[in-house]
Amino acid sequence: MQSSSTFSLNGRYGQISIERQEDGFPLIRAGAKADALFGLGFIHAVDRQMQMWMLKTVCMGRASEWLAAEPDLIALDRLLRWIDFYGDAGKEYERLGAKTKALLEAYCSGVNAGIRHAGTPFEMRLVRHPRPAWEPRDILALIKMIGFLGLTQTQGDSEKFIIHLLREGIPVDLLRELFPALKDKVTPDYLQTLRSLRSFEAPGGLSRLSSLFAVSASNNWVVGPSRTEAEQAIVCGDPHLSLSLPSVWYPVNMQFDDGYFIGATMAGAPLPVFGRTADLSWTVTYGTADTIDYSIEEIRQGRYRRGNRWLPLKPREDLLKPKGKEAQKLRFYETDAGLIEGEVVEDGHYLCYAWTGRKDVSAETVESFLKLYSVKDVKTAQKTFAAMPFAAFHWVCADREGNIGYQMSGVVPKRQRGVSGLLPFVMWNKKRPWTGMVAPEHMPQSYNPPEGYIVTANNDLGHLAKADVFTLPMPSYRADRITRALKQSKHWTVDEMKELQYDRLSLQAEKFMHILRPLLPDTRKGKLLAEWNLCYEADSIGATLFEAVYRELLFEVFGTVLGTKQMQAVIEQSSLFAMLHGFFDRVLLKRRSRWFGDREREEIMRIAIERALSMPEARYGQRHSFYIENLFFGGKLPRFLGFDAGPLPLPGSRATIPQAQVFRLMGRQASFAPSIRFITDMGTDEAFINNPGGPSDRRFSDLYTKGLDDWLTGRYYRYAAPGRQEDG
C-alpha cells in the first residue's frame, strides 16, 4: 500500500504543509508553532493511530477490557488502575498556563482531524475498540506513564527483589555485599515483620505491553568544541527500549515561526523528547535515581497506625471488566505515606508504595517540555530539565555558542540517616523516612567541564550531585567505553560518532577475561575464547563462549545460594538482571567473597569454564537473535504474514554501547536494543537519525519496516532544517 506523500492542511493561523522525507517521516512546515503542532498531531494519527490507541488503552488500565482478557493484561490493568495516571489529570490541566493549553489543544485538534481522515484501523475494528476524542488530559496522563513503566517501576521491582530475598532467608551480610547501599539496621523483629506481610507478591517482570516503555539501558554524550574537528559541539543519544513494529519513536522535521525542531517525538504527545533546534540540542537517558520507597503499614479495622493513633485508610473503588469475563470489583487504599499494595482482606502488615512522581508532576513537566522548542542556551536548558519532576532522567545538551551541560530531572526524597531506601521503613515509629526533597540545584549537574565532554549511560553520577540520589545505578561499562574513546581524540566528527554508536567492544568482558584467560585450557574452544577480541559481533564464536562461562559463573556462585530456578528467572524471565547485573559482577570479580563460601575464586571459575566449554560451539548471531514483533498482535500471527520482522541477529551485549539483550517475559520473547540513534553537529542545521522501522503502523504500507535494514547496517538519514542550508 502506497502511503500518502503530501498533505495540505488549514491551520488556525495559516497553511500547514506535510511532506515525506527520504525515510518516510514527515517534514512539517507552518507559520505558527500551534499550527505546526496541529500538523504533528494530524500526521501522528494518520501514521500511528493504532499505536496511539494502544498507548491510551494501557494508560487507562483498559487493555483487558478493550483488547483481550489475557492474564498478563488483567494484571497490567490492575496495576495501572492502582497507580491511577488519570486520577489528577483534570486538576493538572487547570494548572497549565494559557499558552500551554493552546498548544495542547492545537495538537489534539490535529490528532482528531487525522483520525477522521484515516478512519478506524482494522485492529481496532477487530476488537471493537471505542475511539474517544484525543484530549490534553491524555497527554498529561501519558507523561506519567512514560516516567513509570519500566523505569520507576523497575527501581521498585528491584527493591521488592531485595525484600523477597530477605523473606526467603538469604543472610543479610550477603545482601549487604551484593547491594552496598543497603545500610539499614536489620533486626530479627524486623525480619519477622517482613515475613508477616500480607498480600506480598515477588516481582514478576513486566508484561509485553509495559515492557515496550522499559528503558533498559541508554547512552548519551556531548562533546565540546575543543574536542571536535569542526570546533563545534556534537550531541549524541541512543535510548534503548524493547523493540516493536511500529517503533516507539516518531522522528520529525518541523519548521515554525523563525525556528525548527529536528528530533524524536512519541505518537500521542506534542513533546520534543530529544533532538535539536537552531540554538540547542539535547538527548536523554534514564537516570536510575531512587524516587520510590516502600514502607510497612500496620492496618487494623480499616485504619493504619501512627504511633498510638489509628487513622482511617482512604479507599478508592473501581470496576474492571475484562472482555467476556465477570467484572472484578477493585478496591484500593491509601495512607498519608502512599498506596497500599494488594488487597486489604485482613488485619496485619502491608507494603505501602510511595513515588515522588505520582501526583502534581504532569503540568510542570509538560510546560517544561514545550519550552524546549524555544530555549536558546545550556544554562536555561538545565533549569528547564530540572523543572521536570515526572521522572529521573540524565539530560545532556549543547548550544550554538559551544557550551555543553548536563542536568538530572526528577524529584528524589531526602532520607533519614540510616535509611537507604532499599528496605521498607516501619511507619508506626515516630520518625518518618523522608525529611523533604532534594533541591534541584543539589541534583547531579555539570556545565562546561574541563575535560570537554559529558557522558551518561544509566550510571552513577553521584560525584556531580550535592546529595545522595542513587541506590541501584547501572554499572559504568558503557559510560567507561564511551569515555575511553572520547579521550583518544580532539578531532571528533559526526561520522566517527556514528561508528562509536555501533561499537561492540565490552569492558565487562575485558574485566572478566583478564582473570579467566590464564585459567583457560589448551583446547580449540579454550584458544578461541583466549584470542577473542572482546567484540560481540554476529559471527563471533568467542562471544558465545564467554557468555556461556559468564552464565555458569552466575549459577555457580549465586544459584548455589538463591537457588537455580530463582537465578534462572532473574536472568532469563525478567528485566531485573538487565538493571542489576553490575552488582552481581562486582561480587564475581572480587578475589574473596562471602558468596564463594570456603572456595577460592579461581576454583569456581575453573568449574564454570569446564561446564561452558563442554557445550556445542555456535556463532553469537545464531544464539542471540530475535524478532521485532507487531505491537498489536505480539507475535501471535504466523511469521509468514509479515507483521513481525526477523529472525534478526542482535550483536552486542548488556555491556556494549549498543546494549542488546534477549529474554522471556510472561512466556513471550522480549528484547532490549537501541530504539533510535541521534547525532548532531551544532555548527550546522542538520541531524542524523537511525530508526528501526518506518513511520507507519500499517502492515501493508511501504513505510512499515522502512529504515529497518539501515538500522541493522548502520546507515543514518540526514535531516536538514528547511531554508537554513541545502537539503540533501
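Here the Cβ of each residue, glycine as well, is placed from N, Cα and C on the backbone.
TrEMBL: automatically predicted annotations, no manual curation.
Among the features that TrEMBL reports, active site, nucleophile is placed at S218. In the three-state DSSP reading, S218 (active site, nucleophile) counts as coil. Within the same chain, residues at least 6 positions away in sequence whose Cβ sits under 8 Å from that of S218 (active site, nucleophile) are G237, D238, P239, H240, V284, T285, Y286, A457, N458, Q659.
Residue density at D290 (Ca(2+) binding site): 27 other Cβ atoms are found within 10 A of its Cβ, drawing on all protein chains shown. Positions annotated as Ca(2+) binding site by TrEMBL: D290, D293, D468.
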Shell of the Ca(2+) site beyond D290, D293, D468, same chain only (C-beta within 8 angstroms of their C-beta centre): A289, T291, V412, P413, R415, S420, G421, L422, V469, F470, T471
D293 (Ca(2+) binding site), number of other Cβ atoms within 10 Å: 27
D468 (Ca(2+) binding site), number of other Cβ atoms within 10 Å: 17
